[in-house]
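Per TrEMBL, the features are as follows:
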ACT_SITE  Asp398  active site, 4-aspartylphosphate intermediate
BINDING   Asp398, Lys399, Thr400, Glu540, Phe587, Lys611, Arg640, Thr720, Gly721, Asp722, Arg802, Lys808, Asn831, Asp832  ATP binding site
BINDING   Asp398, Thr400, Asp828, Asp832  Mg(2+) binding site
COMPBIAS  442-456  compositional bias 'Low complexity'
DOMAIN    55-112  domain 'P-type ATPase N-terminal'
DOMAIN    152-287  domain 'P-type ATPase A'
DOMAIN    855-1082  domain 'P-type ATPase C-terminal'
TRANSMEM  74-97  transmembrane segment
TRANSMEM  109-128  transmembrane segment
TRANSMEM  313-332  transmembrane segment
TRANSMEM  338-358  transmembrane segment
TRANSMEM  889-909  transmembrane segment
TRANSMEM  915-937  transmembrane segment
TRANSMEM  967-990  transmembrane segment
TRANSMEM  996-1016  transmembrane segment
TRANSMEM  1023-1043  transmembrane segment
TRANSMEM  1055-1073  transmembrane segment
Amino acid sequence: MDDGTSQSSAAAPMTRENIPLLNRQRNRWYSFSCWKKWFRPRELRARNVNLGRPNTEKFPPNEIRNQKYNFITFLPLVLFEQFRFFLNLYFLLMALSQFIPDIRIGYPYTYWGPLGFVLMVTICREAVDDLRRHQRDHEVNSQKYKRLSATHGNGYEMVPSSKLKVGDVIIVEKNERVPADLILLRTSDRSGSVFVRTDQLDGETDWKPRLAVPYTQKLSRDADLYNIDASFYVEKPQNDIHSFIATFCMTDGSEDTGLSVENTLWANTVVAAGTATGIVIYTGCETRSVMNNSQPRSKVGLLDTEINGLTKVLFCAVLGLSLVMMMLKGFGGPWYRYMFRFVLLFSYIIPISLRVNLDMGKAFYSWQMQNDDNIKGTVVRSTTIPEELGRISYVLTDKTGTLTQNEMVFKKIHLGIVSHDADTFHHIGQMIQKLSGNILQQQQQQGSLSSSSSAGENKPIMFAGNRMRRPEGWREWEAVRALALCHNVTPVSDEEDNRSVSTASTVTGGNNSPTKSVINIEAPGSTDTEHQYQAASPDEIALVKWTEQVGLTLIARDLNTMTLQVKTASDENDILLHYQILQLFPFTSESKRMGIIVRESKTGQITFYLKGADVVMSTIVQYNDWLSEESGNMAREGLRTLVVAKKVLTEEQYNDFEMRYNAARLSITDRVAKVTAVTESLEREMELLCLTGVEDRLQENVRPTLELLRNAGVRVWMLTGDKLETACCIAKSSQLIGRNQGLYVLRSVKTRTEAHQELNHFRRKQGHALVISGESLEVCLQYYRLEFLELATASPAVVCCRCSPTQKAQVVALIQKHTRKRTCAVGDGGNDVSMIQQADAGVGIEGREGRQASLAGDFSIPQFSHIAKLLLIHGRRSYKRSAALSQFVIHRGLIITTLQAVFSAVFYLSSVALYQGFLMVGYSTLYTMFPVFSLVLDQDITSETAVTYPELYKDLSKGRSLSYKTFFIWVLISIYQGGVIMYGALILFVDEFIHIVAISFSALIMTELIMVALTVRTWHRLMVLAELFSLALYLISLAVLHEYFDWEFIWSYDFLWKVSLITVVSCLPLYIIKFLRKKCSPPSYLKLS
């Protein structure tokens, strides 16, 4: 308690003691101070977490919440979002005005009906979407975990993840999601290590080792954690997933241990093997995964923004037209009342049905996407932005699990004089089986000689001195053994305790040993069982699995020993080879290689194995006359190459190296450089054993999909958290980079000068794709943001490696801001959520990395190849159809407003409605709604043409289907047709005013139906049905609505020829212009079809 008191008193600026003093001096600021105190963001600070004792400090609840609304905020926020649109706000004001008797025109339902329908559709849609989010959140928050409890008989209680608090000690089983940020206290493995999968956090599928706190790992059981008096001092929450600072200390001061990121389990990672016990240190919004995710934003499509701009132009037209009428009428009397009545009369120039039609159209486009048999499994989670898919200029994609399948497959091995692939791998297995007798004989000979002379001296005499004495297949055996030994892979078993096999591997020999029992259970020849491996790199697992396939199996490993099993012709006589691990040199991005020094237990022979990239190994190995050519061939096949070499050491050589190596590791100054120098002294004149090629399997049809996008004018960026070398390899194998394009790797930069030099170098590399790391990206954006973005956005492709989730979202935002183009983000992991939410169109792939990205995306697809059809076919159709639909709905409002304006001008500038009551409602609903809405079935080209000629997609990004040019063309058409209809009716009518209404309204309906027919490019049977159905409804109305139409005049010959004449004059010139334009200047898609 004293510690807590001292900590709270240390936070001087924000304590309770200071605030009242300020308030006494300035009482007028009291309410403002309270407001700031209640609504300010929670201050993030370091904390003490007690082990086994309750924590008095309050922290955020451990809940996942993706909902946009709650019960109180739902209606206000939804209405606010709707009335942000000028169109809806305008009609709300018009509808409210109908409660004022002096300016009321017609019936209130003609205004409130359409507005209420629009709002009801939107509210229901938002309610359903948010209810689904709530159900998904509830499913995750209710997942049960074991929490240690001293009061329960079995030692733990099951609690949902939402009830976990800071200081709780929980047990996470194998394949369980970690519910909060933990410090690892104990593991089921005696070494205190556990492997976790972090793909949901950083996108890397490699298993990462984590270590328990040494002091707590030594305890005999979990219950003993409550018997020690200890605490953790933990840094304040932050979003850096690669660093962590904390201290474990006993209250009596007997133990004080520094902790790093290796001692943590971050939320949303998964325990890959074993059982982990940890203490909760961060919950809810303070966890690393949540702090790396951006808040979901309400996305508004570019088409909606453009239509919003057009409605503002139409509003100005309404005001201008009303002002002209008032100027002609004069400003005498209550002119403002007349002015507002004119505004109401001309308000149909801004059609409220536009929002309804667009929303219904979007729902239809979404239904079509989900029911397309060519992209089965597609789910549309956001029905508000399907048109965005038709105007994408940049696709930003994750690598692991999106472009690739997360499956490494060993494809080829080259031994200098012979090459083996999948067709001849079985020959290597046969050779090893034949050599098993020689291997056993060699072990026995070396074992007998080891008593009289060192093994290092005898080995060269037997095999290295005279190569011809080596038996057939010995080169293959050496290569396979090197691959089986030179790695950092640990075999695991699926026993109930999920313990690593390595815990039993210290016992060597004896038929009843634990190692031998594992061998009998999981014999390589058995088809029922398969070995499982854990490692920090999937490449290494692929190599070890391949050695198992050809007959050399890794069956046990711990920190100091390794056991291999050689398959013989008879499974009962399999040979065990035991090795002692003397030194391990892990892979780093700087060295681009890893090595291991092992001693064979029976012979005592010491061998140094090394494997790495060909660029560094070519200067290390002895025989490399074929290496450069073959590694180039494999790289062109899209394979990830590794060069493997070995060097036999004498006891004296190794002792000398060990002494110098240990001295370098203890050095205080230049430790890294000295250790590297000592290691490189050993890497000389090594014997080249083989060159391997491993393929990271691409998703189905990734190459043709990327080529389609490239031809469609879409620039593809790959944003990955993986290593630079891996990213480059996938970029080449997936053909993200075109055949004639080079690849420029921006070297690591840390200063402004280095960034300036590298950007200048890249500027001279025209047509090259760019590869850059996350650290270099930060430096370039800090000093040369505009210059870098200009170069990067002009590049045909960009690969960003080692990107954090926040960086991915930042890159998307920068492209949006700099280019003003539409972006699409594609990902499959939790680390892609921020990027998906930031993009204009977010696409989540439901794959091996879970459903987090799929649920967060606006669209969900089962595989990357669907993105091409989603953009080229459905994106194109959605945009084209919505553009035509919106312009036609605007035309429908403009033409009737023109009629009203001509009518008012002719009849003494009266503010009287031309069409009363039901005619106005029926015009925009029963009589024209179905044909106009049937435009959502229209298509300019077939699906096959859209995919065969992806170049057609380029024009869509220019936005020519809906622009101010096309808008003003429709305005002119509407003015012409409205003028023809109204003046034609005025000229041709004889005696009664009702005849003007009948002639003009009938000609108006016929003109609209014919204009829909002229707009259609590909007829659908439902379009024909909609036209006939609307015409039939109108003909019935003519017979039924006697208060609007004169029955005798309707059945007269005069009515028929007058309506026909007006309709022909209003439509025929437009058809002639369209026909001539189609012949003289046809669009590009017509040339193809």
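Cβ coordinates come from backbone N, Cα and C, glycine included.
TrEMBL does not curate its annotations; it predicts them automatically.
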Could you tell me the C-alpha distance between Thr400 (ATP binding site) and Asp828 (Mg(2+) binding site) in angstrom, no decimals?
8
For the binding-site residues listed here, Thr400, Asn831, which shows the highest count of neighbouring CB atoms within 10 A?
Asn831
Average the pLDDT scores across the domain 'P-type ATPase N-terminal' (55-112) and report the rounded value.
81
Near the transmembrane segment (313-332), which residues from the same chain, at least 6 beyond its ends, have a CB less than 8 A from one of its CBs?
86, 90, 338-339, 342-343, 346-347, 349-350, 890, 893-894, 897, 901, 904-905, 909, 911, 967
Of these recorded positions, Asp398, Asp828, Asp832, which scores lowest on Cβ atoms within 10 Å?
Asp398
Within 10 angstroms of Asp828 (Mg(2+) binding site), Cα basis - binding-site residues out of Phe587, Arg640, Gly721, Arg802:
none
Take the C-alpha atoms of Asn831 (ATP binding site) and Asp398 (active site, 4-aspartylphosphate intermediate) and report the distance between them in angstrom, rounded.
9
By a simple count, how many Cβ atoms lie within 10 Å of the Cβ of Arg802 (ATP binding site), its own Cβ left out?
22
Pull out the binding-site residues from the set Phe587, Arg640, Arg802 whose C-alpha sits within 10 Å of the C-alpha of Asp398 (active site, 4-aspartylphosphate intermediate).
none
Distance between Asp832 (Mg(2+) binding site) and Phe587 (ATP binding site) at the Cα atoms, whole Å?
26
In sequence order, which same-chain residues at least six apart have a C-beta under 8 angstroms from Phe587 (ATP binding site)?
Ser537, Arg593, Met594, Gly612
Candidates Arg640, Gly721: member of the binding-site residues with the richest Cβ shell (10 Å):
Gly721
